[in-house]
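Beneath this line is the structure, given in structure tokens, with notes to follow.
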Amino acid sequence: MSLATRMDTQRETSIVFETFTWKIQNFSKQNTKKLQSKAFRIRGYKWRIRLYPLMRNVDHFSLYLMVADSLPPYGWNRNTYFKLSLINQLDENKSVVKETQQKFNGGYRSWGSFFVNRSVFFDSKQGYLVNDTCIIEAHVCVSDLSTIEVNKLNTISAKLGDEGRRNSESTEQEDDKETETETSDECETLSSSSCGSSQTEGEVKSSDLTLKDLLDLASLGKEEAAFVPLLEEACIWHPSLIRSQRKSSRWFKLWAFTSLGQVLYLLKTSKAKDMNEDACNRLHGLWEELVKHSGFQLSWLEPYVQSALGMKAHLEKTEEVNKLKDSVVALEIKMKKLRGELAAAEAEFEVTRRALLEARKGFIELDFNSELGYAMF
């Protein structure tokens, strides 16, 4: 990453941004279901840009700005004014810019927006994907937010919030089908610039509510508290988890999220070798109850659960294969040893045979059972 600075000295009240540029080359070869930038640091905070998974049923190109620091599930917040830009490489005036002010916290670690239709993005004549390369920028404000035109920012934020709620409902189904992350083959640059505001539309918030709004996290036991970071991460990427429990009773919410937390924790902390019969039975019971009674949309998690449940049979097959491999190795060693013994025996045989031929020269065989006798004359 390189750092360059451009300052707007014409206005004392100008908003100064530091810009991170994510250049994704060989886009067609990237795994667009798990595409995200490397983490970058601006104003002491770590961020990451993530592409909304481009699957067959997704007809839009959307981007998210994510908090990339390792932070606790609650007890912190980060008030940030920023822009996300999809650069048009043929006409800069057609670049799509989404601008907002957001307050990130443990239950709200990302903000995303719709940028263009998928068909438009993949059409190279439109200028967003040229020579299999696209360019994305994140402009994060480094000015003191208290000195910025607060009313203007609040108006923008309120407008984006209303539009984001509408758009999040329309993209809920795709969000629930998303699968985890992988860094792309990209070039990235970091710069600082002064940018004005721009009109935006169609932004997507991860959720109107957070896990903290639904559950009394402070009352959770030590075991349940370990599930909270996993649940909050799941709720960020699958907001329907929270929306589905808005009208549920307090105890039902606690049961539903605790059960989901147990499944996530088991998948996160268990190794394949740990999936014995008891572990599989426990996971199967938890999963069956969740699917039947929780009301969660869990299609995004099901492949991982089924894979874990199939691990017992795979382990048994692996054990059988390993035993056979060990037997083959042992027999190969035995055969090698026997071949060595056979070669030595053959060599010894040849030496002995030759010695026998040499010894027989001039040798007359006698009948050792005959009497020695003697003559009288």
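Even glycines carry a Cβ here, placed using N, Cα and C.
What TrEMBL says about a protein is an automatic prediction, not a curated fact.
Between the stretches 216-250, 286-320, 321-355, TrEMBL puts its coiled coil entry on 321-355. Sequence-distant contacts of the coiled coil (321-355), counting only residues of its own chain at least 6 positions beyond either end whose CB sits under 8 Å from a CB of the stretch, are absent.
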